[in-house]
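Step one of this worksheet: look at the structure below.
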């Protein structure tokens with residue numbers, strides 16, 4: 001127990017032992033002077049001390065320590081800390097104390113050197129109060145197998161430069177990298193080192209740049225990494241495979257084309273390696289019904305803006321190419337114009353954007369006016385007046401294709417505007433009305449009629465009544481006067497309207513309305529009489545043409561003949577020879593025969609001619 005306590009003390013306080021003297025001096029000194037605590041018998045000294053060594057990780061190494069004729073405790077110290085007491089190094093399975101103990105041999109053997117063994121070691125004799133020289137054990141670690149990123153086959157796009165990166169990691173000391181092509185070292189590579197967290201190992205990375213013109217297909221390029229642990233080095237290589245992605249051409253036929261017609265897309269591609277897939281899309285959305293290198297479809301206006309793409313893929317990569325179609329289409333609204341409400345004197349700005357193909361023409365006009373206000377998307381009305389209020393039309397025309405328009409409303413906030421006939425009419429003694437039409441935005445807060453000493457806004461006062469009606473065009477205020485007297489035609493009537501922006505007044509006079517003139521009445525009567533005579537003449541001509549019965553001569557005077565209780569009046573427009581008509585009077589009609597009036601109405605008639613062949617037909621009016 002005393003030895004163990006002493007060993008622990010020495011391991012914790014190695015400075016208590018005297019410093020190691022050079023061998024040349026220690027051999028000349030008296031043995032008793034090299035120790036602080038003399039051991040029984042003669043003084044002890046080292047015959048073998050550990051030396052600086054270099055070992056490759058994984059290999060065994062032995063640090064020598066021999067103190068003949070010393071039977072006390074020997075400690076091995078690693079970086080200032082004791083490994084154990086005497087030969088008991090059970091905490092370090094790879095460490096052994098070997099040699100003939102009786103001969104004073106206390107060699108430290110490390111079975112498989114590890115980076116953790118890289119340290120400074122001392123051998124100390126506790127009772128003799130001596131210690132060996134410090135010995136540096138350097139553990140060399142070979143680099144991991146070098147790796148060329150992207151290997152073992154580097155697929156290179158034709159025409160691209162080649163950048164090869166090789167790294168060799170976890171080496172002590174850091175590895176050196178060389179590049180080789182066709183058995184010769186290649187210069188010009190760049191290098192960078194990184195110290196790892198353990199503070200001992202390092203990684204190295206090297207990048208080699210090769211210009212496109214200096215690259216050969218199928219060439220092998222070697223990366224070799226060496227350090228002191230592996231002088232022969234480790235190497236790896238890559239094979240350069242120069243390939244190219246698909247070279248694609250996309251054609252569209254026919255072009256230009258009217259909307260709603262069929263076009264064909266053809267996607268031709270050259271690729272090494274061969275094409276593995278065609279993928280069609282429009283505006284990023286896959287066209288599922290399309291496959292192969294052809295796509296046929298009916299186009300609309302969207303094909304003018306949204307390209308159709310063909311993506312061709314091979315083992316190396318993909319190439320995507322897209323085309324829009326020169327589709328002719330009529331105007332389409334891009335920015336919808338908005339109706340505006342502005343204050344009087346402010347600016348009004350309308351925006352109206354159309355798309356169309358070929359190029360379209362835009363025209364701004366006020367509804368009902370033929371004046372072009374603008375040919376741009378924007379219509380600006382400076383310092384608007386109330387008369388600027390109304391509907392405006394934005395019209396777009398694509399020549400030979402189509403046209404479109406949008407209507408907006410400009411509403412101007414301002415004082416009311418009264419537009420009424422300044423002279424209105426009424427009949428004396430009748431009920432009369434005076435109307436006042438008011439346009440107002442915002443709507444009028446108040447409307448009042450005033451005359452003489454009277455003011456009336458609504459309701460009835462004596463013979464006067466005010467009624468107000470709102471319409472889409474404005475407000476109509478009506479002053480109704482019952483039982484109009486002469487004085488009413490001498491009165492001036494004021495219609496006044498107010499809103500938050502101001503007011504307006506209209507002076508209206510009432511004028512007596514005259515009765516219908518006699519000349520007009522006579523003219524109407526004469527016209528009616530003429531119309532009646534024309535109508536009767538038409539009827540007479542029609543009836544004469546259909547009559548078959550009377551062929552007698554008719555004189556200027558009417559002659560009455562008995563006809564069985566009836567009388568017939570015979571008329572003629574001209575004289576007929578007596579021989580052309582029978583002299584007897586018409587006989588009684590048989591009972592079973594229809595009267596001439598009934599036959600006429602039934603449409604039964606036969607032509608009759610006079611001796612002159614003039615086709616005269618008598619008209620018989622039965623009474």
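Just so you know, the numbers here start at 1 and follow the chain as drawn.
From the backbone N, Cα and C atoms, a Cβ is placed for every residue, glycine too.
As annotated in TrEMBL, transmembrane segment covers the listed stretch 518-545 rather than the other ranges in 490-517, 518-545, 546-573. In TrEMBL, the annotation region 'Disordered' applies to 29-49, one of the ranges 8-28, 29-49. Confidence across the domain 'Ig-like' (31-138), taken as the mean pLDDT and rounded to a whole number, stands at 87. Taken through DSSP, the domain 'Ig-like' (415-511) splits into 5 helix, 58 strand, 34 coil. The domain 'Ig-like' (31-138): residue composition by secondary structure is 7 helix, 40 strand, 61 coil, according to DSSP.
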